[in-house]
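Chemist: As annotated in Swiss-Prot:
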CARBOHYD  ASN106  N-linked glycosylation site
MOD_RES   LYS267  N6-acetyllysine
REGION    177-309  region 'Interaction with ERLIN1'
TOPO_DOM  25-340  topological domain 'Lumenal'
TRANSMEM  4-24  transmembrane segment
Amino acid sequence: MAQLGAVVAVASSFFCASLFSAVHKIEEGHIGVYYRGGALLTSTSGPGFHLMLPFITSYKSVQTTLQTDEVKNVPCGTSGGVMIYFDRIEVVNFLVPNAVYDIVKNYTADYDKALIFNKIHHELNQFCSVHTLQEVYIELFDQIDENLKLALQQDLTSMAPGLVIQAVRVTKPNIPEAIRRNYELMESEKTKLLIAAQKQKVVEKEAETERKKALIEAEKVAQVAEITYGQKVMEKETEKKISEIEDAAFLAREKAKADAECYTALKIAEANKLKLTPEYLQLMKYKAIASNSKIYFGKDIPNMFMDSAGGLGKQFEGLSDDKLGFGLEDEPLEAPTKEN
């Protein structure tokens, strides 16, 4: 009975071990490939739990999602004979699920070593061998990533279709310390030069700004002066027009006044001409004699009132020449009076 129990225990252990080795799990984003007796089987499996023959069948999980392969410490000799090292080169790639079997069959499950790592070493050495340290370290460094990606993808398209390179990232290479210090000094001087150039641009920009401000200020002053000059010219023109209008009005008034005076004089002359009739002259004579308070004596006094009209006119004319001949200049002869 003891032997039977031992056999059962051994059988149970063997069964459990067989079951444990037969059941396996494939993670999401991976494809399982199987080997039996060292030969790759054509069947593959997706994510999940699967069974296989225990002890004689083995499997490997191949990632089909994006993965990053790192190639470290890649030596590279430039055309000038300087040895430099790239610390780390990252290659982002993914494998198409349908191409897993062919790639694993041709390049094993560690296909990245044959297709990516070796190719990176080869392409970098070719690139460095035809370029100087200045070009590799500074001038063409930004092109290394894209050149490696294109070269890798071109070879993989013909050698391993289904393996896609998405991106390549290259770190700055390590160069000899003396050369590195020279480059740092050169970069420092270049930075100083750039700073000086930027300062010069700033100064030039400020000077240009000041010049534009001065130009704008001068234009403003000129415009103000032009406007002020225009205003003064308009004021003078207005004053001139006002003066011309006033002069014209004054001339018109004076002319009208002169015309009126001339007209008045003409009318007075015409009226006087019409008034100088014998009857009017005789009336004026009588008024003059009547208004004279002095009495004249002489033989011609009665005749003054008895002359004809023609004689009166002549006497009046003579009187007008001698201030009406009424003795305005000569002293009158007064008759002597007797006192009672």
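Every residue gets a Cβ built from N, Cα and C, even glycine.
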Chemist: Cα of LYS267 (N6-acetyllysine) to Cα of the residue listed as 'N-linked glycosylation site': how many Å, rounded?
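Modeler: Given the Cα positions, LYS267 (N6-acetyllysine) is 146 Å from the residue listed as 'N-linked glycosylation site'.
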Chemist: Per DSSP, what is the residue count of the region 'Interaction with ERLIN1' (177-309) in each of helix, strand and coil?
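Modeler: Summed by class, the stretch gives 118 helix, 0 strand, 15 coil.
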Chemist: List, in sequence order, the same-chain residues at least six positions removed whose CB sits under 8 Å from that of the residue listed as 'N-linked glycosylation site'?
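Modeler: Looking at Cβ-Cβ distances below 8 Å from the residue listed as 'N-linked glycosylation site', excluding near sequence neighbours, one finds ALA160.
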